[in-house]
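S.K.: Below you will find the structure I want to go over with you.
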Amino acid sequence: MTTGKIYFATTNLKKLNEVKEFLKTDIDHMRISMTEIQGPSEKIVEHKLDQAAPFINPKDAVIVDDTSFSLEALGGFPGVYVKDFLEIGTRKIWEIVEKIGNKSATAVCSLGIAHYENGEIVKKVFSGKLKGSITEPEKDCKTEFGYIFIPDGFNGVLKNMPTDEKNRISHRGIASRSLAAYMASKGIIKTHGP
């Protein structure tokens, strides 16, 4: 496949830079207004792809993402509503979880891609999951759960891990490697990341 541009439709430039690092290729920022439905992460990603795909040309591809963070103590809440839930702050989240007693948590990243194949748009979704537990935060944060999330088998929070180690084990790293392998197999990128 002769490739055109690869776009990432997101409002979060940090996510854009992380995906660029994983895919080791140029990715342009697609600035479009998207509505976000309620539901499972994969359905949200599929809906985002439906909104972004009409903006690409036949040689282009577009990537979208969704992240969920589920607390076992809260029956899987906040899940895909993590961005809104974080507005109460990581300190308050810790206090709630500590009262209930179950500190288990799961982070999931779902990455979707839309591209043309034989004149038709093809859409695929790849997910990565990271299990861990919640700990008391060193500081209160209202934008990232990495300050309170310790991946299983590690001693420190995800946010403080060395970048190489975090990328190797993180939910976004797992999803990105699957996406990269797919993109390489379709000739969308020549090589893929770690």
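Here the Cβ of each residue, glycine as well, is placed from N, Cα and C on the backbone.
Quick paste from Swiss-Prot:
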{"type": "BINDING", "residues": "Thr10, Thr11, Asn12, Leu13, Lys14, Lys15, Lys48, Asp66, Thr67, Lys83, Lys166, His171, Arg172", "note": "ITP binding site"}
{"type": "BINDING", "residues": "Glu36", "note": "Mg(2+) binding site"}
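In terms of burial and nearby residues, how do these features look in this structure?
M.R.: Around Asn12 (ITP binding site), no same-chain residue six or more apart in sequence has its CB under 8 Å from its CB.
Sequence-distant neighbours of Glu36 (Mg(2+) binding site) (same chain, 6+ residues apart, CB-CB distance under 8 A): Ile44, His47, Lys48. Annotation note: Glu36 (Mg(2+) binding site) sits in a coil segment as assigned by DSSP.
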S.K.: Which value in Å gives the longest Cα to Cα span across the ITP site residues Thr10, Thr11, Asn12, Leu13, Lys14, Lys15, Lys48, Asp66, Thr67, Lys83, Lys166, His171, Arg172 as recorded?
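M.R.: Taking every pair among Thr10, Thr11, Asn12, Leu13, Lys14, Lys15, Lys48, Asp66, Thr67, Lys83, Lys166, His171, Arg172, the longest Cα gap is 26 Å.
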S.K.: Which ones in the same chain are close to Lys166 (ITP binding site), with CB under 8 Å and 6+ residues apart in sequence?
M.R.: Leu158, Gly173
S.K.: Of Lys14, Lys48, the binding-site residues given in the record, which has the fewest other CB atoms within 10 A of its CB?
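M.R.: Result for the binding-site residues Lys14, Lys48: minimum number of other Cβ atoms within 10 Å at Lys14.
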